[in-house]
Ligand SMILES: Nc1ncnc2c1ncn2[C@@H]1O[C@H](COP(=O)(O)OP(=O)(O)OP(=O)(O)O)[C@@H](O)[C@H]1O
Ligand SMILES: [Zn+2]
């Protein structure tokens, strides 16, 4: 028998291996196996197919690693769809789906050859360092050695040691502890209180005697369960010993699940009754689900979308099905997780890229055993749900749902819809500012649509005022920070009334540009074609693309005058200036620099929610989902920055951002205010914001998207060429352009430079293709593209040439 094996590698297709006869029974779909791939490497693969027959040339499966399959066919179908739709490899999807401990691979390991005598004096310095370390550690990996020698190329040194016969190179599989179950032991009934009978049974074997004595001691020392492993370690015996004891009927073995998070209990009072308009929305959702599995819940900020989600969570849980609650991005949504965790008495599974490997494993297996609720980012879609009933996609418009790197570059919302389709589950897409993608699906009748236009507690929507900056006179001090007198007055009033203020500034750091007043020289990053941002706290210039830092130059690097000045405004500078204008106010800042760690982020949020902070300055981090009751004013001093990006989505995003951030104002207690400063008060985004109804704006946007053949009407694909050699990069990009033009005509763009086209010493070029939204065209395009990529990579010197495919780029 042969098995089709999927490997966690970016290679097309699967590989066929022979199943050793004694493993045939055990070999079933979805179990992991250990196989050799390439000359020496060992990998964990996954059985994704079994067929009869043999093949002389085929390698054997070395081992089967699971008792139970880790995925089922339905999960594999989802993986296949994802790989196909997003033009990536199945191995990439496997890699993203399985927690690291489920993917052993081999590492080169050096061991000391104990039978070999050598004279240390004969060794070169580097070789001596290695042998010295080996005598202490027994084993070193390639990485360890690189660290010890402080260099990358260690081949020569290692070879020297091998040639001298001093070390052995061993290819060793790292079998990490992956067992979701623990094997535990207990006395068989007839031996339970009969130590004497036991000893008689084992008297002929030293090992068995030791094991039995160890088990007896353990029973006395601690409460059950006692694991097989504990007994083996304590008695210094092995699996065979324990197996013998089981066979003799002395010990019984059972398996228990490790850390299974299977409960879901609502804390008392956490599901307050729905109010009338929420009840109405719930009924409408029920009705919408009759005809479509996907419903867009469009509710203004503060309408209680979360309350409705909870209602559905309760229902689906009672029906015995699983629920996935998706949030866009972990750093920005700690607050939401806290809110949800407060609602449940039981532990909730939280799953995202930053939880520990241990928690990921726990989550993986709990979900596999049917745990009812997972809160997670897009990667949670790849968990092995058994009985999925509902996926909630909160803030469905959020761009962070799209994976940028590495492959598969999938969209969390769209993949959720597909997964639900496969699993016969429902999807709720929730937002106060839905994406155009979802609105079009509503218009085309694919999704249901339910609106909530009121805020909970009869709170009125905040009043939005525009400050026309073309008309404003400012003092020098005010001009420096860019706050009009009107804006400052509003802040003063709000603070006097004991309420809090949020200031939205979409740029972090102190000052975006550091330039010479004399010759105009701008300090640029050496690796990227962007100017560096001054960070006052660290007293350094930082590149926001590659994160490299530079000291602040005293004189101009170009004309050598002492004339370097800072221009522009970042959150850090804004906070400082605001403090000098309002010396008595307590101000805090929330951005990538201050809220990088979870602890720091939490501290900022707690202080603000306890009213210890009066003003919170922040980037888009403060726009999302925060629910603070005492915020009376939200100000946006520089709204124009938001819609001046050269991107076809910038108007849509600007409106979403401004609505979201406005929505933080006046959520409880009294009506809130929003003040927006702009030089373009007639801009459609501002006009729509003022009118309170975005339909007209969306319709206009959609018309334009249709005319210019953009998403959501067309499926866009971006192919990025990334190379240190500019000429080579440009040449291949143009080749692709011409090649695709033959099939797709003017729906292929000439290679264009992205906004920042040189990052970290790499030149970047993008080719855009606009495809019709049907499967046939998708398949055809993928074939063409793969053909091209294969051809390029087969050229001498091009095997590593990078072409990054991004379907539905954001
Ligand atoms: N039926 C209800 N009973 C009691 N409190 C409610 C109810 N519905 C909503 N609330 C409260 O109203 C506030 C706003 O609700 P929620 O945060 O769910 O709104 P939202 O629509 O998710 O807002 P956003 O889009 O801004 O995140 C919350 O503090 C919530 O606890
Ligand atoms: Zn840089």
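Glycine too: its Cβ is placed from the backbone N, Cα and C atoms.
Pulled from TrEMBL:
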type	residues	note
DOMAIN	286-452	domain 'Helicase ATP-binding'
BINDING	516, 519, 556, 559	Zn(2+) 1 binding site
BINDING	525, 528, 543, 546	Zn(2+) 2 binding site
DOMAIN	529-708	domain 'Helicase C-terminal'
Among 525, 546, which are binding-site residues, the residue with the most C-beta atoms within 10 angstroms of its C-beta:
525
Taking the recorded Zn(2+) 1 site as 516, 519, 556, 559, identify the other residues of that chain whose CB atom sits within 8 Å of the mean position of the site's CB atoms, giving them in sequence order.
517, 518, 520, 521, 557, 558, 560, 561, 563, 564
Under a threshold of 6 Å between Cβ and any atom of ligand 2, which of the binding-site residues 516, 519, 543, 546 are retained?
543, 546
So for residue 556 (Zn(2+) 1 binding site), how many other CB atoms are inside 10 Å of its CB?
19
Residue 543 (Zn(2+) 2 binding site) versus residue 556 (Zn(2+) 1 binding site) - Cα distance in angstrom:
18
Quick check: which same-chain residues outside 525, 528, 543, 546 lie with their CB within 8 A of the centre of the Zn(2+) 2 site CB atoms?
526, 527, 530, 532, 544, 545, 547, 548, 759, 760
Give, as a single whole number between 0 and 100, the mean pLDDT over the domain 'Helicase C-terminal' (529-708).
85
Of 519, 528 (the binding-site residues), the residue whose Cβ has the fewest other Cβ atoms within 10 Å:
519
Which of 516, 559, the listed binding-site residues, has fewest other Cβ atoms within 10 Å:
559
